[in-house]
Amino acid sequence: MAHKAGFVSIIGKPNAGKSTLMNALVGEKMSIITPKAQTTRHRILGIVNSDDYQIVFSDTPGIIKPHYALHESMMHQVEGSIVDADLILLVTDINEEYDEQDVLKKLQGSTAPLAVLINKIDKSNEEDVKKKAEYWNEQLNPKVVFAISALHDHNIKAVMDFVLENLPEHPAYYDKDALTDRNDRFFASEMIRAQVFKQYKKEIPYSTEVIVTAFIEGDTLHRISAEIIVERESQKNIIIGNKGEMLKIVGTYARRDMEEFFQRKIFLEMFVKVIPDWRSKKNYLKKFGYE
Ligand SMILES: Nc1nc2c(ncn2[C@@H]2O[C@H](COP(=O)(O)OP(=O)(O)OP(=O)(O)O)[C@@H](O)[C@H]2O)c(=O)[nH]1
């Protein structure tokens, strides 16, 4: 059998379940998952290897109307991942209420085989699933529509089979040992960011960036320093909390996640820094890895 390899882009609206799906497909906790929308800011590759194939999944930020330079960068990543794709998985929430025209628009002109995945069917009924399937068939004429639950691992195997069937013949793109293109620093910062999303309300998570400033590896212990960057002094106070108690909670949970992920003891120190309006400043966005 000829070797197959290709790029599979997972796209859709915020909160549709893209990261949950990617983690179910890849079988690792690559992408952070929180109940809030817009948690994924970068394209993240998750790679599944076997002797006969290499599937490079790409989890992308949710499709939104851009309000900040940060959002523009996020949308460029979505567009890039549609252009690069050998296959596209469009994830939609069965209970999605707002307009999906922006999603449809992004897909115009794409020639890659497309599957629509109607997600969260555990929170729906057969009739609604059927209606949604008809809607998507009409709108996009995809190769196939799957009804799935990424969270409950329902029909994920069928999606995987579809991907394998439609993957082009190609040599591997990455080393067969690789699970992702992201490094340990990235995952460390994502684990802190996930806690920021979990522990704080309203605008705080969206105004926050996390930068790992030092990552010293050891056989039994990794030493990690990170900066939590916010836009205003008032946000800094909220992040730190009364007598530092909020920051302590973030640190405790993030450290726990890191210890599980890296299989090491972790020493974690964090500093909170204010950079006014960093989300609108191109130079900072560039520095933080957004193009
Ligand atoms: N009930 C149910 N909830 C799900 C399912 N899949 C995902 N979720 C939940 O939906 C929420 C959003 O999931 P994510 O995977 O972070 O969504 P996303 O599309 O990556 O979101 P962004 O990163 O914001 O674009 C989380 O609370 C998930 O647990 C599902 O099949 N059923």
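Backbone N, Cα and C define each Cβ position, glycine as well.
Unlike curated records, TrEMBL annotations are generated automatically.
Annotated domain 'Era-type G' per TrEMBL: 4-169, in sequence order.
Averaged over the region 'G1' (12-19), the predicted model has a pLDDT of 89. The region 'G1' annotation in TrEMBL covers 12-19.
For ASN15 (GTP binding site), the number of other Cβ atoms no farther than 10 Å from its own Cβ, over all displayed protein chains, is 18. Sequence annotations record features per position, and here TrEMBL assigns GTP binding site to 12-19, 59-63, 119-122.
Per TrEMBL, region 'G2' is recorded for 38-42.
Taken from TrEMBL, the feature region 'G3' applies to 59-62. The helix, strand and coil residue counts that DSSP assigns across the region 'G3' (59-62) are 0 helix, 1 strand, 3 coil.
Here TrEMBL flags 119-122 as region 'G4'.
What TrEMBL lists as domain 'KH type-2' is 200-276.
A 10 Å cutoff on Cβ-Cβ distances gives ILE63 (GTP binding site) a total of 22 other Cβ atoms nearby, all chains included. In sequence order, ILE94, VAL129, ALA147, ILE148, SER149, HIS154 are the residues near ILE121 (GTP binding site), counting only same-chain partners six or more apart with C-beta under 8 A. Under a cutoff of 8 A between CB atoms, and with a sequence separation of 6+ in the same chain, the neighbours of GLY12 (GTP binding site) are LYS18, GLY62, ILE63, LEU90, VAL91, THR92, ASP93, VAL103.
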